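Copied over from TrEMBL, here are the features:
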type: DOMAIN; residues: 94-191; note: domain 'Cadherin'
type: DOMAIN; residues: 192-303; note: domain 'Cadherin'
type: DOMAIN; residues: 304-420; note: domain 'Cadherin'
type: DOMAIN; residues: 428-526; note: domain 'Cadherin'
type: TRANSMEM; residues: 638-661; note: transmembrane segment
Amino acid sequence: VDLKECLPSAEFISSSDGNFNVLEDGSVYTTSAVSLSAEKKTFTILLKDIKEHIEKKIHVSLVEEGKKKSRHARDTVLKRTKRRWGPIPSVMIENSLGPFPLQIQQVQSDTAQNYTIYYSASGPGIDQDPKGLFYIERETGNIFATRAVDREQYPSFQIICFATTPDGYSPEVPLVHTIRIEDDNDNAPYFTQEVFQFSVPENSKPGVFVGKVTAEDRDEPYTLHTTLKYSIVSQIPETVRSFSIHPYLGDISVLSPQLDREMSPSYTLLVEVRDMDGQPYGLCTTGTVMIRLEDTNDNAPSFKQKHYETQVEENRVNVEILRLSVLDLDEPGSPGSVAVYEIIKGNDDRSFEITTDKNTNEGILCVVKGLDYESAKQRILVIAVNNDAPYMLAPHSQQVSQSTSSVTVNVLDMDEGPVFKPCHLILEVKECEDIGTNIGRYLAEDPETGNSEGICYRIPPGQCNWISIDERSGEVRTVKVLDRDIGEMRRGQCNITVLAIDRNGKTGTGTIQVIIRPGNKNYPRITTTEYIMCRDRKPICLTAQDDDESPYSTPFVYRITDRRLASSWKITQHNDNSVYLSPKGDDIPYGIYTIPVSVTDNGGKVGEQYVTVNYCDCVTPSECDGRTRQYAGANVTLGVWAILAMILGSLLLLLILITICGCCGSGVMHRQVTDDCANHNLIISNTEAPGEEVMDHNIIPLQNTNDQGGYGIKTGDHQTFEMVKGRGHTLESVKGGGHQSLGSVKEGGQTMMDTCRYSYSEWHNFTHPRLGEKVHLCRQDEEQKHSEDYLLSYNYEGRGSLAGSVGCCSDQHEEEALDFLDQLEPKFRTLAETCIKR
């Protein structure tokens, strides 16, 4: 590569790919075996002018040469190659003392006579120009070092040697020779920090981790030159050795359990680190470790004085009377030093209170309730002190004791005003009492004399004006009727301040709490009084309400006050305020009933109301429009429309009876039954095959149409018949007249056809006995014995039955599944009884 053309002033030449090395003359050599890809391999040559700060890059692409045509295997020829010149890598001692120039290695070639080198260094100082460090004798190939080398700056060098003939020919491939700088223990280890600072709670147990110190060494890693060992040289204060350090990790831990912050708040350790695994000839460095002991509450506070004395005027409140000081050896401001004061004796009436001053840690004793000189001239208190944080004692130490101090409080006598006894009086007044009712007496006493003489009373304005107090006697009376349902009295109570004034003008105050006690002033009343009762006679729920409070409200007692209605209606208890109202019997007529019901509350107050019940013939109450018979008192009155309906019904019934009687004398009419009528009522069943006539001895031929003893008449291909059992029993005689009989008759040469059909009851009454006899005879064989299996044919009647077959030929296992026959209508029961095998 022509480097001069690209950058003539290039001072630094390098390759981006470590597999290639570029010399000053532009020659490119491989430093290791290179495998080219199928296409090409690229790298970049970097040129730098350090003084002018100029950089240029040359991009180089390498492609594989075309493969030569290989010879046949039998034409393969062995070629002799010359032995490559390659000395072993050289080693140079770091910081060597010479003498310089110092011979490092000799390289020789069998064919060349002149030698030159190009060298490069790898390491932290690679950007520094190492020119002049090594040179080679042109004639002998000896490599010399001109001065000592620092390994930390140049760990190794690569020297590229060239061998040429006198005429400049290079018969040898350039040789890459490596010179490694062997490490010398010329660097002492050093700590990463100038001062290490740690903290640990006082009274910690041995083995508690405190902190870790670290050191480094610039010599070659993983050698004895960098194998470091730690140790503690000294400790300040010079007491029992309290800490230990791990020799290789640098971890500092507690060694002694006697770490007392109050004795030594901190420790200073001088720590040493030495290389060569701590050997005496190794290099070493020392560092400083500061360990601060954290405070724990291992000291109890104590009072500076065991006894205090103070004084206070009587009846003074919220006044400071004394400050108490304590001594605590724990660290100020920490939870272990904050004092908490408590009065443990002499404050049963809660007249005193003690708090802590956060700034001075003193106890402030105050009077929160006025003291009475006449009651006690002196008070003695016992005060104890503790810390806010729990105690954490050192191992094997004694339990701390609580410090106490006594305080004597002298009460000074003062001229004071009258005092009410009690200071808060509760008076209960029954609701709705008359105006002026005496409800109590409220008196005050002079503390000096102990009596109420010369004291007058009054109520300051601006309060609820329910009561008044007599100026001399202190009697309390009502000034209005107290009703809990009116205005401010709804709360039920009121607090009234009363003043007491003595002869000297001194005043005292007291409080009267007037409580209105509920009374029985309201009647219970039924909330709903109109109801509708349908034919299901569902009971009616009556509910009453009383505005009074307990015990003058529930439970309620209901009663029907009318005796006659009480015999027809009854009341059943549901709960404390509800009952059920229902009729007693089933024969009570429909109508509107007005029932007087009285309700008595728990206080004996009775309220009576009328409950209106519309007993209606309906399914739901919405169907009843009120047009029912009304029931007043004990009599039932029928309406005009009801009476008119009864008259019209009677006339219609009478007309029907007259018509029936007139038709009975008209005789029996025989009409021919059409096929249409027969198919829907009675099916001809005495013919079992076409063209064959079946006769029975019980069937009597009809000789004359006027003779009622015949059974049937054969006319042409059709049979007209009339079913008879005995003489004179036709269908007309069975149904009782008024209808025409089954058959046909000619009147005036014309045939009268009946287009109507007979009802089921008529056919059933006529055919039921005859059908039973017929079936009984059909089930017998020639020897008059009953047939076990008799096959009957049935006509198709439109659709199949879900019940299946009911004939005597049915399977035996179906006989057990005939429970459905119990739900058949009457017209099928005869047929079912016939088919069931007994």
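Glycine is no exception: its Cβ is also placed from the backbone N, Cα and C atoms.
Helix first, then strand, then coil: DSSP counts for the domain 'Cadherin' (192-303) stand at 6 helix, 50 strand, 56 coil. The DSSP breakdown of the domain 'Cadherin' (304-420) into helical (H, G, I), extended (E, B) and coil residues amounts to 0 helix, 54 strand, 63 coil. Each residue in the domain 'Cadherin' (428-526) gets a DSSP state, and the totals come to 5 helix, 41 strand, 53 coil.
Within the model, the domain 'Cadherin' (304-420) carries an average pLDDT of 88.
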